[in-house]
Amino acid sequence: MTIPKNHKPALGVCYYPEHWPEAMWGDDATRMVAMGLSWVRIGEFAWSRIEPQPSEFRWDWLDRAIQTLGDAGLKIIMSTPTATPPRWMVDRYPDMVAWDRHGRPRGFGSRRHYDFSHAEYREECVRITTILGERYGRNPHVHAWQLDNEYGCHDTTLSYSPVARAAFQDWLRDKYKSVAALNDRWGNVFWSMDYQRFDQIELPNLTVTEPNPAHAMDFRRFASSQVVAFNAAQEAALRPLTDAPLLHNYMGRVTDFDHFAVGANLDIATWDSYPLGFLEDRSDRDVDFKRDHRRCGDPDFQAFHHDLYRAVGKGRWWVMEQQPGPVNWAPHNPEPAPGMVRLWALEAIAHGAEVVCFFRWRQAPFAQEQNHAGLLRPDGKLSEGGDEVAALANELAGLPNLSIKAARTAIVFDYASQWAWEVQPQDAQFDYFRLVYDLYCGLRRAGHSVDILPPTTTDFGDRDRIFIPGLFAWPQALRAAVYGFSGEVVMGPRTGSRTDDFKFPMTLPPGLAGLKVTAVETLRADAHVTLQDGGMIQIWRERIESTWDVVEADLDGRSVRLSNGHLIYWAGWPDAAALDRWLGGTASDARHRETVSGATSIDYMTASFSVSP
Amino acid sequence: MTIPKNHKPALGVCYYPEHWPEAMWGDDATRMVAMGLSWVRIGEFAWSRIEPQPSEFRWDWLDRAIQTLGDAGLKIIMSTPTATPPRWMVDRYPDMVAWDRHGRPRGFGSRRHYDFSHAEYREECVRITTILGERYGRNPHVHAWQLDNEYGCHDTTLSYSPVARAAFQDWLRDKYKSVAALNDRWGNVFWSMDYQRFDQIELPNLTVTEPNPAHAMDFRRFASSQVVAFNAAQEAALRPLTDAPLLHNYMGRVTDFDHFAVGANLDIATWDSYPLGFLEDRSDRDVDFKRDHRRCGDPDFQAFHHDLYRAVGKGRWWVMEQQPGPVNWAPHNPEPAPGMVRLWALEAIAHGAEVVCFFRWRQAPFAQEQNHAGLLRPDGKLSEGGDEVAALANELAGLPNLSIKAARTAIVFDYASQWAWEVQPQDAQFDYFRLVYDLYCGLRRAGHSVDILPPTTTDFGDRDRIFIPGLFAWPQALRAAVYGFSGEVVMGPRTGSRTDDFKFPMTLPPGLAGLKVTAVETLRADAHVTLQDGGMIQIWRERIESTWDVVEADLDGRSVRLSNGHLIYWAGWPDAAALDRWLGGTASDARHRETVSGATSIDYMTASFSVSP
Amino acid sequence: MTIPKNHKPALGVCYYPEHWPEAMWGDDATRMVAMGLSWVRIGEFAWSRIEPQPSEFRWDWLDRAIQTLGDAGLKIIMSTPTATPPRWMVDRYPDMVAWDRHGRPRGFGSRRHYDFSHAEYREECVRITTILGERYGRNPHVHAWQLDNEYGCHDTTLSYSPVARAAFQDWLRDKYKSVAALNDRWGNVFWSMDYQRFDQIELPNLTVTEPNPAHAMDFRRFASSQVVAFNAAQEAALRPLTDAPLLHNYMGRVTDFDHFAVGANLDIATWDSYPLGFLEDRSDRDVDFKRDHRRCGDPDFQAFHHDLYRAVGKGRWWVMEQQPGPVNWAPHNPEPAPGMVRLWALEAIAHGAEVVCFFRWRQAPFAQEQNHAGLLRPDGKLSEGGDEVAALANELAGLPNLSIKAARTAIVFDYASQWAWEVQPQDAQFDYFRLVYDLYCGLRRAGHSVDILPPTTTDFGDRDRIFIPGLFAWPQALRAAVYGFSGEVVMGPRTGSRTDDFKFPMTLPPGLAGLKVTAVETLRADAHVTLQDGGMIQIWRERIESTWDVVEADLDGRSVRLSNGHLIYWAGWPDAAALDRWLGGTASDARHRETVSGATSIDYMTASFSVSP
Ligand SMILES: [Zn+2]
Ligand SMILES: [Zn+2]
Ligand SMILES: [Zn+2]
């Protein structure tokens, strides 16, 4: 699998033949093609209709659906249906469901009702994947495969079930070999937390006060590894049965598992982009921002994920589900401003998306998502979003092939750091994603395109500048890359502040010669540290002992920015004003607003990943 | 049972002979009569003193209490004690308690510790009701019977117990006959939620993400039906044993069961009116309103329930518990302003109440409600509220008989719509009760008396105007009544937007010829849609395709109000200013304030249900 | 044990030899002594290293640690390690853990994972205490013993386990003898809550609505008694084995058990004072106060606890853990302002502390508290706090011996009242600690030193003025002391408002001749009652019938303050402005702020308990 040198962006749609009378399929397919769509995703929730009873299969309808769609000229993304195990599966394995952190089983009746650690369910997934691969792996209409759907959505990565506990104990046995080693590396002496046997180790929920952070961190690593293994099992089953690329559709701001590790086994990364829903249900933006952007979304939120998943996909990425109108699941569900459905798709394409699929074809008249808009209304007429997609398809037809260039600036994003600082925030406001995202937005305001890099990066190439904020623990190779790089490397705050075992480094953080973080304080939201030249330090502030040059000090005379050759260290979390001063940004989002009202301009993306003909 | 052509309002009180030494009963009864009270309710929490051990009865004290009260000239409302099963009952049926939505049994130690679905407990209730009926059904002092107490109070309608699950499965079996029919009508294909057998269907709590709305809606219907059946069982047992009217005391803003359906089996509806407590613990009013009305309550809140329960009682209704002073159970428990206890009673009478009983006679010096005021203080002196009641009784003595006239304006109130939009709010702010109540308050500001009508209404009579806001699904007869009516019918927003099976209607909502709601968006609290002529659309806004006349459009040119002959449709949720413009209200509550400070005027009620001599 | 006539304040530190290589111990000890520290506390979390397997002991390291520290000249506070039972203990007694109020066991993996009611675990604690006492009770380096650590921390006093339920039933059997007596004294007739047998009585959690307050109150008394008994068991085991004083380290604002009752069996009270952490995580101060004091803490909060624990210790008290820099456990963890570590220690000494120990020696590089500052940084250099302590030791060396004088003013503080008003707040804002603390701060602003007195006080001595706010129920001897006192006694609001059985007194509160509280109302936060001469009544307001003199009435003409000879009654909760007017305070905290910026002055303490040479 190689990164394509150039590609022609295409559009697609998510479709559920099992939801509609067969008589409608042909017309639907014809209309899709007429609208300019070339891809169609099917099958990801259809297990109960493919295998209504154990080992009793219904292939007829699916065979005909594939035939109908394919014959119309559509390329099919076939999916494994493992995100929605049928009811009979839960009867067979009552312990297959995940448990929440309060110790309650999360039952059947919606979706994602499985524990990633459940070995028999994983085997069932391999079985259905194999059967599907054998049937459709070489089908000429099937041009890609999606494995499962939205891993981790609805907080499903972490399970506190007995099944997860047993698997966690195995994972620990494998990692530490002896319980004495575990006691030592976790520092269990601290509160007499020493174990005598691995089978004594509980999951880190429902303890009296907080558990050992080393314990909690290993649980987070374990949980991520279970997602990776679950996905890898399907990949291994399917790979020999097809030549089509394998992919998964990730979500926005789901950080409970290491997407780079899952992506390592797949060919393309895709994600499900819901700009308005995400603004309402998972954005840290303030209330004014949310009000002003309620119909266009936070442009940087999409941009960040586009750049992130381009990295997860090793250069190849799609949008698998693009919001086409109001959704049903956010606290408030407004309509997009006119033109936004088109603009979101163009933003993705500008960041290098090969395909943008819309979710979904026709609004469903039943079940959980009946208020989720589609390209068609329930009565079959085009929705407002459908109108825009039809026009967009036309517009894209005239575009030349596009290729992807590396950005001059990159940020290292590390899922383990997210877990570490959730385990040990030290301030109720501290969040790794937010720290990285603040920086990302600052770089965008300053007009930079940004690449995201995994913490396994060993070489930064010929870029100008690398940022490594808030890194939990240094991978040896990454630190080598920092020292070997010719461009600028900006680190801190909190970078390299722990060892892999969740201990303080013996020589104090951040593990860079000539610089020590001797103490840390965290700051109330109403008590920032003002900087002489503008802006403030918020949330996190370090005390430095150093031989480096002081680039900037605060009014207390304490170092805020330091440099040593190509290395730069930030000893606190800058607010937007400080960040703009440091990065040369404008601290204004006038550009974004202008576009939203205009809605035909693509100024929206001028600071986005560059599009070249 | 016919609606009385006219009645003379009377007062009463709730009394607990089992709480006081028998030596006090006679004097208490004498004082009640002297104060002008004619009714006394007893017995609703006395099971453990009537039957201290299974089948071991203590009648002596109750016989003498009834004799003493009756001999003093009081009419007794006897109650079944089924809201407080004795401890030995829970020993006998440990699974009789309800479970909360987190899956925790709700134990013995307060009250209402039973699951409406528990068959054996229901039989025990029939048994004790029968025994009480046999003993006192023809007692000349017993002039009415209350069944149980405050159904649904303390969130007890919905239970997630194994007992409830089994009963729900039976209910589904009975409704759908085949599991295939259920799968089809629920749309279980959506996420492979198909069932093979009814006994696989869990209650809709503790799912990973939201359950199928059709599943949740059926659970709500089931739960309501259990309350209806529980009450009907007692009614059936008691009816042959007495000629006295049967009644129940409902609560304020309890909407978990269909009060019309419970009321169908009873002769009189009563409710427990706590204006100050309800303002603090269940009102949507804003903080300024709550502060300004903290000593008088929200006048419309009582008025709405008076009108609602008049409908539930098919014209006959009482206040069974009227707040007499500070209560104990709200977050803040202020004293009523001087005169309010009298004024609340007059407000009820103006809405047609036949009897107003106060809760309670003497403040209890022990157990849960020891800070709840009574007409007497614990030391036996009259409280401030007691003083007002004594004066009021005098005042009422001079009143002529009253009769009830139908209001020119009516609102259809549908409990199922409350459940539906709790299941599928589409916006965190959406609440059916609030939508209806906003309208009710607007009509009151505009000077209208209002009747509440059930969704089973088949004929609107000779009224001027009917409102049907937010109706979940059309009963066929109600839609026929709309088309057959000669007055104005105002519908929307969200009216008729689903089928009974919780699906989109094939032809799009609202199911009125020539009008389609093609899309819906919901609005943040800080992002209303301003209307040119004043006021705003909030929370809910629809997109209309229609051949109707546009009465008003918003600044985007989208229809807000439309008309077609006598039919009117509102395509959004108006705020108070828009509502006042549309209904001719004043958007001022000066009238209410004035009355509260004056406290002797009955201007308070000028817009209330009319009182005629 | 007698109260020392005078003492020379000393400093100490908490140390964990088990956390560090033995090679470091000697140098650590030498540095402690060089820094001027004379006390070192060890061992309170070391059970798993003392007894790694049941009955398999490792004494070598502990023997040598004691020897090393003692030889360096340090006085050792030896601790029983019972706050952190080893994992094998939980294997042996799986039912030894407490259950939270939701019914979930609180598992192994942090600390305090035991139920105070678990008989076998209590025996295990007696066993390890005895073994430690036998080994080190006469060791010349061991100068004090700490039993367990921070009873009640992490909400561990109240357990809802089956073990606790059985123990509670035994406790009730013992208190009431017959279930009929319990039914009568609890008023179980109220909602048919009568019991037939003690074993039917559940713990008062998970009831449908609130349980009987008498039930809840007895549970609170029971829970407190279990802490007292747990501590007494260790004390009884240790007493014959040592002549050193026994002590415990209490926490800030932990009120779930009666500290006076625990303290009755001990020789010295100590507490763990974290001014910045407590300001952020358990202070009722408003957001402006918290921002302004974020680096110095709320000075009165420490002062109150100093005075409280001086009473608990019958005159003898220490600070066992003093915050030395940022901590790790509050929502925000700022650095102390320069000078505060010294000033906090001086404040304690000014209130009579004999010893101030700092927590901890060296910042731990592993486990839960790795972000908790010590006197040393992880790399062994002095932290900012360490610097201040070294200077302070020097400063203290020049101080003469100090002695403690009784204050002219005292407040009666009653843990049972805290429980009672948690059980029955009557207003969401009502909190007994806050009521007492508001008064305490008012007295401090007015320049008074304050003694805290237990409710068992029988004689107020020759003081000027006694305050008894919010007392739940009168102990007979305390009421006698009130009448027998020659100085002024200020009571109310809510004082004496219940009997021991949680009933209204027959003659109405407060149980003082000539004065009756006839009604109570509670007030929203936005609806105070303004007083003509300044200030307001907030939260709680009483209606009085009285022959006493009215000192002050509100604008409604209702009595606010009354007097009868030396007795004064307050009929409401005064805000700070009213309190300052009544007490002569300044309502300004300028003094505190001034000191914080200066940081070398001891003006901070001028209103503190007096220090005399
Ligand atoms: Zn999706
Ligand atoms: Zn009631
Ligand atoms: Zn501590």
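If you go along the chain as it appears here, the first residue is 1 and each next one adds 1.
Cβ coordinates come from backbone N, Cα and C, glycine included.
Long-range C-beta contacts of C:Glu150 (active site, proton donor), restricted to its own chain and to partners at least six residues apart, with a cutoff below 8 Å, comprise C:Ala83, C:Arg112, C:Asn249, C:Tyr250, C:Met251, C:Val254, C:Asp272. Under the DSSP three-state reduction, C:Glu150 (active site, proton donor) is assigned to coil, being neither helix nor strand. Taken from TrEMBL, the feature active site, proton donor applies to C:Glu150.
The annotation active site, nucleophile is assigned in TrEMBL to C:Glu321. For C:Glu321 (active site, nucleophile), the same-chain residues that are 6 or more apart in sequence and have a Cβ closer than 8 Å to its Cβ are C:Cys14, C:Asn249, C:Asp272, C:Ser273, C:Tyr274, C:Cys357, C:Phe358, C:Phe359, C:Arg360. The DSSP secondary structure for C:Glu321 (active site, nucleophile) is strand.
Less than 8 angstroms from the CB of C:Arg111 (substrate binding site) sit C:Phe45, C:Ala83, C:Thr84, C:His154, each of them six or more residues away in the same chain. Annotated substrate binding site per TrEMBL: C:Arg111, C:Asn149, C:Trp329, in sequence order.
Sequence annotations record features per position, and here TrEMBL assigns domain 'Glycoside hydrolase family 42 N-terminal' to C:14-397.
According to TrEMBL, the feature domain 'Beta-galactosidase trimerisation' maps to C:407-550.
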Neighbour tally for C:Trp329 (substrate binding site), based on other Cβ positions within 10 Å of its Cβ: 16
Recorded positions close to ligand 3 - of C:Arg111, C:Asn149, C:Glu321, C:Trp329, only those whose C-beta is under 6 Å away: C:Glu321
Candidates from C:Arg111, C:Glu150, C:Glu321 close to chain A, where recorded positions are judged by Cβ under 8 Å: C:Arg111
Per-state residue totals over the domain 'Beta-galactosidase trimerisation' (C:407-550) - DSSP helix, strand, coil: 32 helix, 40 strand, 72 coil
Whole-number Å value of the largest CA-CA distance among C:Arg111, C:Asn149, C:Trp329, listed as substrate-binding: 17
Protein Cβ atoms within 10 Å of C:Asn149 (substrate binding site), excluding its own: 25
Confidence summary for the domain 'Glycoside hydrolase family 42 N-terminal' (C:14-397), mean pLDDT rounded: 97
